[in-house]
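Chemist: Have a look at this one before I ask anything.
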Amino acid sequence: MRSQTYNFCSGPATLPTAVLSKAQAELLDWQKMGVSIMEISHRSPEFTAVAKKAEQSLRQLMSIPDDYAVLFMQGGATQQFSGVPMNFFGLCEGKQAGYVDTGIWSRKALDEAGRYVDARLVASSKDSNYTRLPESWALDEKLAYVHYTPNETIGGVEFPHIPDVGDIPLIADMSSTILSRPIDVSKFALIYAGAQKNIGPAGLTLVIVRRDLLDATPHSALPPTMNYRLFDENDSMLNTPPTFGWYLAWLIFDWLIEAGGLTAMGEVNSRKSARLYNYLDASDVYHNPIHPEARSWMNVPFVLKDESRNAAFLKFAEEHGLLNLKGHRSVGGMRASLYNAMPEAGVDALIDVLTKFAES
Ligand code: PMP
């Protein structure tokens, strides 16, 4: 049993209790093998079966077309900031890599790409202090790809729709929004995501890439452990993968399928965030700065209008079993992350505590 708390951490984030209980029950003696899944070879038939099932479940959940490879990698989303331009180095020759700037994470991706390719901004919402989506996009035939961040985890800014970039390959850092609702994978050239929000524990990084792009000539310094084509050819077992994280991701994918898949998740997630935004908007005590059309379903930043009470609020929340509501160190304030594993009751509990604190 775990204590009755709700964990609003932005990542590594709360995981479904049912999944953790299953993993716990299976931990010491996995499939009656007398060992845990962490203690067997990644090349054993038992583990490769898990790896395959995880991929199948993910393909089913996200309706991933057959002409896309699904890669289970490491190094976090940060490694993909370099992995994308390094793997697509050949595509970028004589061209430019386009980046959409909507906040801290997209900016980091742009800065890193500039070390390998000619990277430039195609749109930015900086002039709104990142409280809106960019208004105009400078797209042209010189762009080898366009990279954007569908959900800025720190800023709490999310694109409600997939942007239309015509025929230019679209690349998305979906770290904090993947699996939160249905998405049309065929609109993307590549999707990547660190696992530690909606997929599973930290350590695993998912890359979903259109197969024709695997033929691009990589940067000569690309390490094998970051090479998409090698990962595809080796069923993501080029070297030792994070086996426990991969197994847990499989349990989470199946938990999502049982819960009704991504359509059901999208409905719940939309409801959860709407309830919290409605409360914050109606309040004289709290404030969310993000324009309604750009508000994230997954990460809801908010401030107390009287900022001197921040620390008191966080203490009060913790005393009531609401954990990790502190905003990112770069922006301060508060942030409630409402990933798939946060039940609706957690949002109700948060609103209850916000109300009690406002009245105190
Ligand atoms: N992109 C986004 C949108 C993120 O939220 C994060 C982590 N919070 C990162 C990139 C960096 O991920 P990692 O720590 O897995 O490298």
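Glycine too: its Cβ is placed from the backbone N, Cα and C atoms.
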Chemist: Among Asp127, Asp173, Asp215, which residue does TrEMBL name as a further pyridoxal 5'-phosphate binder in the site formed by Ala77, Thr78, Trp105, Thr153, Gln196, Asn239, Thr240?
Modeler: Asp173
Chemist: Near ligand 1, meaning Cβ under 6 Å from any of its atoms: which of the recorded positions Arg43, Lys197, Asn239, Thr240 fit that description?
Modeler: none
Chemist: Write down the Cα-Cα distance for Arg43 (L-glutamate binding site) and Thr78 (pyridoxal 5'-phosphate binding site), rounded and given in Å.
Modeler: 27
Chemist: Give me the long-range Cβ neighbours of Thr153 (pyridoxal 5'-phosphate binding site): same chain, 6+ apart, Cβ under 8 Å, in sequence order.
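Modeler: The list for Thr153 (pyridoxal 5'-phosphate binding site) reads Ser10, Gly11, Trp105, Ser175, Ser176, Lys197, Met298, Asn299, Ser337, given in order along the sequence.
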Chemist: Round to the nearest Å and give the CA-to-CA distance linking Asn239 (pyridoxal 5'-phosphate binding site) with Arg43 (L-glutamate binding site).
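Modeler: Asn239 (pyridoxal 5'-phosphate binding site) and Arg43 (L-glutamate binding site) have their Cα atoms 10 Å apart.
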Chemist: Measuring Cα to Cα, how far is Gln196 (pyridoxal 5'-phosphate binding site) from Arg43 (L-glutamate binding site) in Å?
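Modeler: Per the Cα atoms, Gln196 (pyridoxal 5'-phosphate binding site) and Arg43 (L-glutamate binding site) stand 24 Å apart.
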Chemist: What is the interatomic distance between the Cα atoms of Asp173 (pyridoxal 5'-phosphate binding site) and Arg43 (L-glutamate binding site), given in whole Å?
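Modeler: Just about 29 Å between their Cα atoms.
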